[in-house]
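Student: First the structure, which I've put down as structure tokens, then a few questions once you've had a look.
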Amino acid sequence: MTLVAGVDSSTQSCKVVIRSLETGALVRQGRAAHPDGTSVDPAHWWEALLSAIAAAGGLDDVAAISVAGQQHGMVCLDAGGRVVRDALLWNDTRSAQSATELVASLGAQAWAEAVGSVPVASFTVTKLRWLATHEPASAARTAAVCLPHDWLTWRLKGSRGLDELTTDRGDASGTGYWSPITGAYRDDLLKLAFGAVPVVPRVLGPTEEAGATSEGVLLAPGTGDNMAAALGVGARPGDVVVSIGTSGTAFAVADTPSRDTSGAVAGFADATGRFLPLACTLNAARVLDAAAAMIGVGLERLGELALSAPAGAEGLTLVPYLEGERTPNLPHATGAIHGLRLSTSTPAHLARAAVEGMLCGLADALDALGLSPERVLLIGGGARSEAVRRIAPTVFGRPVVVPPPGEYVADGAARQAAWLLSGGAEPPEWSAGSPSVHEAEPTPGLRERYAEARTRFLGGV
Ligand SMILES: Nc1ncnc2c1ncn2[C@@H]1O[C@H](COP(=O)(O)OP(=O)(O)O)[C@@H](O)[C@H]1O
Ligand SMILES: O=C(CO)[C@@H](O)[C@H](O)COP(=O)(O)O
């Protein structure tokens with residue numbers, strides 16, 4: 001049996017799956033935690049990757065591997081290939097002002113036309129501007145800039161030379177200086193943001209080899225975690241995927257690029273040669289972690305409490321902007337609880353309001369895509385919660401399809417590695433397990449009350 005490996009180096013952890021090339025069957029898997037924080041030494045990702053590979057039984061019998069990673073993170077390397085400073089992650093909002101300045105200098109429409117997206121604080125281009133402005137010495141030492149998956153792929157190759165850095169269309173499309181519309185870097189935008197044009201990774205096609213490890217395991221191009229999730233879950237045109245991880249994302253596979261001048265929808269490329277319009281919230285599964293901690297229970301009990309409360313939590317409304325927010329673009333926002341009465345001051349009401357508030361934030365992202373999906377697929381760590389699965393249709397106002405619990409980002413990466421070996425125009429067909437379908441009536445007034453609370457606390461957004 002030929003084996004392939006897929007890696008998900010995401011915000012909270014690194015996961016590795018090893019699957020059969022022919023059938024896609026899961027053979028073994030491993031995981032390791034990443035440190036907390038929005039500014040992280042990439043060495044931690046490397047150590048976690050090695051631990052997760054070891055926990056998955058190693059790569060001795062594996063033919064090809066692919067790394068998918070959290071998007072946008074700025075990894076700066078000096079001329080000798082050493083990391084210059086901690087990487088600023090997608091959820092680090094210190095570059096919000098830099099984003100405002102960059103958008104003001106060209107206008108939102110010009111950015112959307114140039115790179116498919118209007119940059120917000122998450123985008124690498126804004127982080128480079130922040131670095132040039134606030135840490136000129138680090139900026140001066142930066143000879144190359146790449147993304148988390150690019151850096152891990154480069155390390156797996158044992159590379160030293162900056163000219164050996166590679167990336168793919170999907171992850172490159174989240175930088176803000178590569179255009180999914182033309183398939184080319186925009187050095188002028190890099191220069192505008194950073195004042196110089198550092199080395200950037202070569203952009204590989206969907207099945208182009210990135211090299212090999214010293215043990216001879218072939219390296220697929222890898223991609224961003226959302227692009228890998230689309231591949232892993234087998235998203236097809238007409239589907240919208242909602243992922244509840246550290247970030248909340250809503251995305252769809254499209255045949256043509258998008259250019260949303262409002263900035264709500266990022267016009268990303270996908271991992272197959274197509275496109276992946278995506279709306280992202282900064283607040284998803286961790287809202288549940290925070291609510292569980294506030295109430296003093298575990299996630300399972302939080303879910304039971306949420307399901308024990310009446311739908312709509314009798315008007316108790318939680319606006320979940322605990323880490324600022326990206327959709328809507330409010331990097332300095334905080335969360336709020338509205339509608340407290342003596343009768344709603346219970347752990348069950350708070351649990352329900354947390355699940356509903358988090359899902360209302362995701363419903364805003366779903367609406368931003370402006371699609372009428374045939375299916376809404378729910379994935380990510382948060383989809384493991386029964387309460388989330390059962391409450392989601394009451395908030396989204398449509399049935400929700402939940403694939404069997406799994407690591408769909410790592411699976412997508414494994415499928416890309418299989419595609420590298422099998423060749424052909426499309427990735428190999430792997431049979432997926434049967435999804436469960438959750439249907440429920442929308443909760444009357446819930447979205448309206450949420451919109452009102454959001455507006456009341458956040459000045460008319
Ligand atoms: N049974 C569960 N109920 C609710 N949330 C869960 C459950 N299992 C995992 N999670 C959530 O999943 C999150 C991690 O999701 P994951 O998709 O792995 O994140 P990321 O890819 O961003 O690292 C954690 O914040 C955790 O709260
Ligand atoms: O910034 C985005 C998408 O644009 C995030 O979705 C990151 O890619 C992080 O993903 P998770 O770790 O939450 O999966």
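For all residues, glycine too, the Cβ spot is worked out from N, Cα and C.
According to TrEMBL, the protein carries these features:
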type	residues	note
ACT_SITE	ASP225	active site, proton acceptor
BINDING	GLN71, HIS72	substrate binding site
DOMAIN	4-217	domain 'Carbohydrate kinase FGGY N-terminal'
DOMAIN	241-419	domain 'Carbohydrate kinase FGGY C-terminal'
REGION	424-445	region 'Disordered'
SITE	ASP8	site 'Important for activity'
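How about a rundown of where these features are and what they're close to?
Tutor: Long-range C-beta contacts of ASP225 (active site, proton acceptor), restricted to its own chain and to partners at least six residues apart, with a cutoff below 8 Å, comprise ASP8, SER9, SER10, ALA68, GLY69, GLN70, GLN71, GLY245, VAL409.
Around the Cβ of HIS72 (substrate binding site), a 10 Å sphere holds 29 further Cβ atoms from the protein chains shown. In this structure, HIS72 (substrate binding site) belongs to neither helix nor strand by DSSP; it is coil.
Per-residue confidence over the domain 'Carbohydrate kinase FGGY N-terminal' (4-217) averages 98 (mean pLDDT, predicted model).
Counting residues per DSSP class in helix, strand and coil order gives 0 helix, 3 strand, 19 coil for the region 'Disordered' (424-445).
ASP8 (site 'Important for activity') has a Cβ environment of 29 other Cβ atoms inside 10 Å.
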Student: Apart from its near flanks, which chain residues at least 6 from the ends of the region 'Disordered' (424-445) lie with a Cβ under 8 angstroms of it?
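Tutor: Answer is 19, 21, 23-24, 231, 233-234, 272, 311-312, 356, 377, 389-397, 399-404, 406, 415-416, 418.
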Student: Taking the Cβ of GLN71 (substrate binding site) as the centre, count every other Cβ atom within 10 Å, in any protein chain shown.
Tutor: 30
Student: For the recorded positions ASP8, GLN71, HIS72, which sit with their CB under 6 angstroms from an atom of ligand 2?
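Tutor: Correct list: GLN71, HIS72.
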